[in-house]
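Per Swiss-Prot, the feature region 'Sensor' maps to 1-22; the stated evidence is a curator's inference. Here Swiss-Prot flags 41-51, 116-127, 173-726 as topological domain 'Cytoplasmic'. Per Swiss-Prot, the feature domain 'Histidine kinase' maps to 195-417; the stated evidence is sequence analysis. Positions annotated as phosphohistidine by Swiss-Prot, on the basis of sequence analysis: HIS198, HIS657. The domain 'Response regulatory' annotation in Swiss-Prot covers 463-581 and rests on sequence analysis. Summarising the annotation, Swiss-Prot assigns 4-aspartylphosphate to ASP512. If you look up Swiss-Prot, you'll see 618-711 marked as domain 'HPt'.
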Amino acid sequence: MKSPLPWLKRRLSGRADSEHAQNLIRIIITTLFISYLGWRYQHTHGDTLMATWLILVGELLVSLGLMVAILLRPQVSHTRRLIGMLLDYTCTGAIMAIQGEPASPLYAVCMWVTIGNGLRYGSNYLRAATAMGSLCFLGAILISPYWKANPYLSWGLLLGLIAVPLYFDSLLRAMTRAVREARHANQAKSRFLANMSHEFRTPLNGLSGMTEVLATTRLDAEQKECLNTIQASARSLLSLVEEVLDISAIEAGKIRIDRRDFSLREMIGSVNLILQPQARGRRLEYGTQVADDVPDLLKGDTAHLRQVLLNLVGNAVKFTEHGHVLLRVTRVSGSAEDAVRLRFDVEDTGIGVPMDMRPRLFEAFEQADVGLSRRYEGTGLGTTIAKGLVEAMGGSIGFKENQPSGSVFWFELPMAIGEPLKSSTVRVPTGALVDAPEELESSNIIAFSNPFLRHRARVRSMRMLVADDHEANRMVLQRLLEKAGHKVLCVNGAEQVLDAMAEEDYDAVIVDLHMPGMNGLDMLKQLRVMQASGMRYTPVVVLSADVTPEAIRACEQAGARAFLAKPVLAAKLLDTLADLAVSTRQLATPATTVQVATSFEGVLDSSVLDELAALGMGEEFERQFVRQCLDDAQNCVGDIERDGTCSDWEQLRESAHALRGVASNLGLAQVASSGGELMRMADWQLQAEWRLRLSTLREQLKAGKDALDARVQGVKDGECSPRSNE
């Protein structure tokens, strides 16, 4: 038989008020009084005692009935509240009238019930309780010989029963008003921060975008130095905006925790890549120590953990002029088979924290000294953000001195043990832009120093539609997209987007979220209606300075394919477009083609390599590109065979995803299509068909290789030349 307690807890936990708690207290107190009377006067008989006992039993039965009513109908009920109040005062007043002096302590119960109703239900109930309690006590005064014999005491207590709750009512209303005003002020602050973020991000978008375009042009040494200064200043300003938004989200309780499997040591390595050069520039010793008993594979919010470490270790580097900065990770408790609690210590030999600042160390906009905000850059939000994120992840954070100088900031986090990570071989997601030289070398992907050139070599030209009400933003996006090889049409409103899409087809749309008239969300909803009625599907990327969780979630629900924050980074924008290009590519006949043997029709879409050739990088470059991409494709096929043999269907889909991306880069239509089919197959389908699919892939890849060899040989011998389709 199951215990009813879990059901009772679930039934009462979601109630809007605490009526059930007050009723439970009433039941407990009444039961105790009945038990006491039964024990104390078990051999005593009398009408007064019997009347008192019957009153208490009646109150207990009615209270039990109220509790049943609460369980059956958990919604707020003003009728039940009034019945409970009337029950309390009538029973208390009746017992005080019957018992006289022995029941005089019940006056405190009467006052307690009055104040309790006010605290639980507000001023209106406090005034109603005051009236009920006063009338019941007045009845006791008029009936009981004891209270009649003490008129000064009786009328004084009655006056107190009226005056004290009324004074408390004035305090309660003042407190309620203060809480309401504080809530409104906090909401106004959040709106102000969101608006200021939008206003800051909009000009930053133009500044950041144009400097990225400028960085790809020919500059002399002095111009490069000036450009680097501008970009560093823009990044610093953006960092300040991000910090203010982070603290706003933390205060509003809107931090979302996303727990995933990750490698702790790899994550710490990524932090070191950012902060170690800064420490080296300040001539500091910088190191990390991870204890041997700390597991490497964990499950947690790696993004927020990295942000906490960047804040704390970054502060240590910033406020240390001599000595060292050390990050230590140790295991506090937990079994390696289940979960662990890890402690992170950030030790430095810097300026330390003065005694008078320590109580306010984790408060917003605080630094160890007023003058430090001038000497060191920053808002003073780093430790506050770290505290909010650590507590949101279920941990604790603190500070201690580091003798003889400096400080140690520490935090502890509970972590689950992660699942073994997939193959460590470098995977290049479809359309991904790989920036790390080590990854590029190990994966044999051609690396161009110019991100726009790299994008043009891998992604075919697309027709883009851009909508933004700010001319500077439209200009930035147009320059970035055209430099990446795309054809761009810019409009200044959502209505123009719908009109343009009704006239022509576009491969992708980039739209600002907040525009005069119809905004981006309304445009998305209208576009989905149009597409449901037969219009060609077009992915939409939302670009906005409003990066609140509500805005991002609203865009996802409206059908946006991606959300990018202003100021847009060229690499992030190009990465997103590369992913869209692979998923929506229509292998149509282009304006410029290269003639290949008819036996290769359907195998090779030569327009992809034609666009690469149009960049004018030479025949040798094209041959090298083809050779290395074919090697990548062959490796992906080998990975598919290995994954199928191991029955690792999730990894097999990732291998097929990588193969589709490489094949699309070469224009191998059949291979790309087969890779896409593998990605969409269920586990049971893969288990039954993967060997047959693998055999087909190998045949298609061989045919594609022959077609590419024929093309490259034809270009080399001068047998085929570009021609224009009329």
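Using the three backbone atoms N, Cα and C, a Cβ is placed for every residue, glycine included.
Note that the coordinates shown come from a computational prediction; the quantities given were computed from them, not determined experimentally.
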Let me know how many other Cβ atoms fall within 10 Å of the Cβ of HIS657 (phosphohistidine).
19
Cα of HIS657 (phosphohistidine) to Cα of ASP512 (4-aspartylphosphate), in Å and rounded, measures 30
With DSSP as the yardstick, break the region 'Sensor' (1-22) down into helix, strand and coil residue counts.
13 helix, 0 strand, 9 coil
The DSSP breakdown of the domain 'HPt' (618-711) into helix, strand and coil residues is 86 helix, 1 strand, 7 coil
Per the Cβ under 8 Å criterion, with at least 6 residues separating them from its ends, the topological domain 'Cytoplasmic' (116-127) contacts 17-19, 22, 81, 85, 165-166, 168-169, 172-173, 176
For the residue listed as '4-aspartylphosphate', which residues in the same chain are close in space, meaning a Cβ under 8 Å from its Cβ, but six or more apart along the sequence?
ALA467, ASP468, ASP469, HIS470, ASN473, GLY520, VAL542, LEU543, SER544
Determine the mean pLDDT over the topological domain 'Cytoplasmic' (41-51), rounding to the nearest whole number.
73
